[in-house]
Each structure stands twice: as C-alpha cells, then as structure tokens.
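According to TrEMBL, the protein has these features:
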- 12-34: transmembrane segment (TRANSMEM)
- 40-59: transmembrane segment (TRANSMEM)
- 71-91: transmembrane segment (TRANSMEM)
- 137-156: transmembrane segment (TRANSMEM)
- 162-184: transmembrane segment (TRANSMEM)
- 216-238: transmembrane segment (TRANSMEM)
- 250-270: transmembrane segment (TRANSMEM)
- 277-295: transmembrane segment (TRANSMEM)
- 301-321: transmembrane segment (TRANSMEM)
- 341-360: transmembrane segment (TRANSMEM)
- 366-388: transmembrane segment (TRANSMEM)
Amino acid sequence: MLKKLWEQFYISANLVTFTQISFRLIIVLYASSLLTDAKAIGSMMIFDTLPFLILGPVIAKIVNRHNRKSLLKLTVLLDLMLTLAFLVIMGTGYHHLLVFALLLGLNNVVTSTYQIAESSFFPLILDDMRLAKYNSAVFFSGSLAMIIAPNISGFIQQTRLISLLVVVSSGIFLLALINLYFVAEVADNHQADQKTTASSYSLVRSFTYIFEDKKLLIALVLLALGNLFDAPMDTLMITKYTEMGQLTRVGLIFSMAGIGSLVGSFLLSTFSNHKIYFQRMMLFSGVGIAFSGILLCFNDYLLYLIATFILSCSLSIRTIYIITFRQIQTPKEILGSVNTAFKYIAFGIYPLGIWLATFFPKIVPINFIIAFSGLGFLLVGLLTAYLVGKEEVTIQ
C-alpha cells in the first residue's frame, strides 16, 4: 500500500515544486517589466523573502501540531487561489507595487509552509532510501524550473501567453489537490503525528534540539558554511563581467550552474537505492567542492565554467543528502521545527554572503574575493570529506 502511495504522489509532488518555482518567477518577471524602477523592484523583492523570516516559528508550530496531510492540501489550494488572483490582476490591469508585493508575500508564506509540511510528512510514509530518491527528484524539478522559467523574460509582456502559462499552472495545482485527497485517504493508517509528544516540546526546545544532536549540528554547520561562500558567487560574477562589458558570459555561467544541479540530483537519485553508495556520494561532493574551490583561485573564464559545473553538482548532492539525513535523524514529531531551523540558516545566510560580495569589491579587486571564496570552498570540501570519512554525518 505504501509503495502505491509513493508512486501515486511521486509525479504530482514534482509538478507542484516545478510549478511553484515557475509561478514565482513569472510574478517577479512580469511585475519587474511593468514597474521598471529599481527602487520599486527592490522593495517588491523584500516581500519575496521577509514573510518567511518573520513567520517561520509560527509555520513550524503549525506543522508540528497539525495534520501535515491537511496542510499539504490547504497550501496547494492556496496556490491555486493565488494563480487565479494573478489572472484577475492581469485582466484588470491594476499594476500597483503594493499589489505585486502582497501577492509575492502571500506566495512566499504558502510555498514555505508547503515545503516544510511536505518534508515533514513524507518521512512518515517512506523508508530511508525511498525518501532519498524522493528528495532527489524534487530537487531535480526545482533545478529544472530555475533553468527553464527565466527564459520567459523575452516574451514577458505578451499578456495572453503569460496568462496561458498561469492557467496551466492553475490546472497543475488543481490536479495535485485532487490527488492529495486520495493520498490522505490511503495514508491515514500510517500517520505518526503524536500530538502529546509534539506538545511536550516547546517551540524553542524544538529548535535547540539541533544543538543537542551532534550529527544534526555538524550537518547544519556544513550547510551554513557552504551557503556562506556560495551566496555571493552570482553577484561576484555579474559584477566582474559587467565591468568588463561581457555580461553574456554570466548567462553561460548560470546555465552551467543549472546543469550541474540537474546532474547532481540525477546522480544521487541513481544511487539512492543503495545506502552505502548514497553515502559515498556525500564524500564525492566534498571532494568536488574542494576541487572547484581550487579552480576558482585562478582568474580564467574557462576554469570558472568548469568550477561552476562541479560546484553546483557537488552542492546539490550535499543539499539533498543533508535534507534526507535530517529527516531520518530527527524525531518525526518535531520535524516541522527542525526543517524550519535548517531553512532559516540556509535562507538567512544568503543575505550576509551577498552583502559581503557588494562591500569588499570597494576595498580589494574582485578577483581576490573570488579566489578567497575558492579557498573557503576548499576548506568546506575537505571538512565535508573528513567528517563523512569519520562517519559523523552518515545515515545509520
């Protein structure tokens, strides 16, 4: 029965992830093409990140104490309603900054709640290696959306075509919602939400659980360090090649990053049926991160391309592995809080990295900053490989 449940939701979950990311990019690109003013666009983008940072603890509490299947249904229903609201906005022509900011803010809350509820629900019904395959597939869908969706920028002002894409998004959310009702019926007997246990953990206690579990803490540190050096790379490359009048080179670097992420998630999915090979892939990711760090120390465009591909491939393997690891390592009753805490770190470290990337070029040449990031990746990669070798972050 569980195998049937897994197969039933497998395609649907991937489509939801792909559509959520694509829909967000459609809103951002469409609104940016109309607002044009950099200050207005910047203000709008704050609402694309700020709601989760404010409401994260509330979301964690909701996921911990309420039925996660019901939350999945509710969030997909809200996704559907947001796509319909966007169609109304496009149809009425009411293109105001506040409207787009509110739409992005609501979308951020809904998507974040879905992601945390989903990553907290499926460990209840999937065994370890099937869970690894599921995480790899979802990450693959997200990476694919990040490659395909930005290409609509060339025809973003063709309202009819954009409306058609939004209608298709609505249809996908509707089908996923219908499918979730069947999943809920099948999965009721396998619910592991123990409200008594969950209630005994305060919200703060749930968050601090990470610091009591050595392996979870190590996984969090590896994730944070990698993201700290990864966050400024886009800004650094854009700045470097804009100053040189070669912005087209950045597009190819971004494409290599997307392809690398796809390859990494595909490789991990391939080895997800074998626990020992799955864990060796984490060791491989550490070596890849370290090697790409060395390549970034050389001021050469071709080496940057190679480094970007290897780095994105390795980071995607690391990210999927850590997602699976924390789902297995954490008591199911408090997964909502632990998933939220990890998302806070992964999400919150990026603004710091980006700020550093915009500050230091005023002091030192940008090539030195890229090389310094490369040394950071070398350190993180070696640390990852060492800790995996010591079995500090291995799935038992």
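Each Cβ is built from the backbone N, Cα and C atoms, and glycine gets one as well.
Just so you know, TrEMBL annotations are computer predictions that nobody has curated.
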- Task: Tell me, please, if the transmembrane segment (216-238) and the transmembrane segment (40-59) are in contact, taking contact as 3+ Cβ pairs under 8 Å between residues separated by 6 or more positions?
- Result: no
- Item | Considering the transmembrane segment (277-295), which listed stretch of 12-34, 40-59, 71-91, 301-321, 366-388 counts the most C-beta pairs under 8 Å | 366-388
- Query: Which range out of 12-34, 71-91, 301-321 gives the transmembrane segment (40-59) the most CB pairs under 8 Å?
  - Reply: 12-34
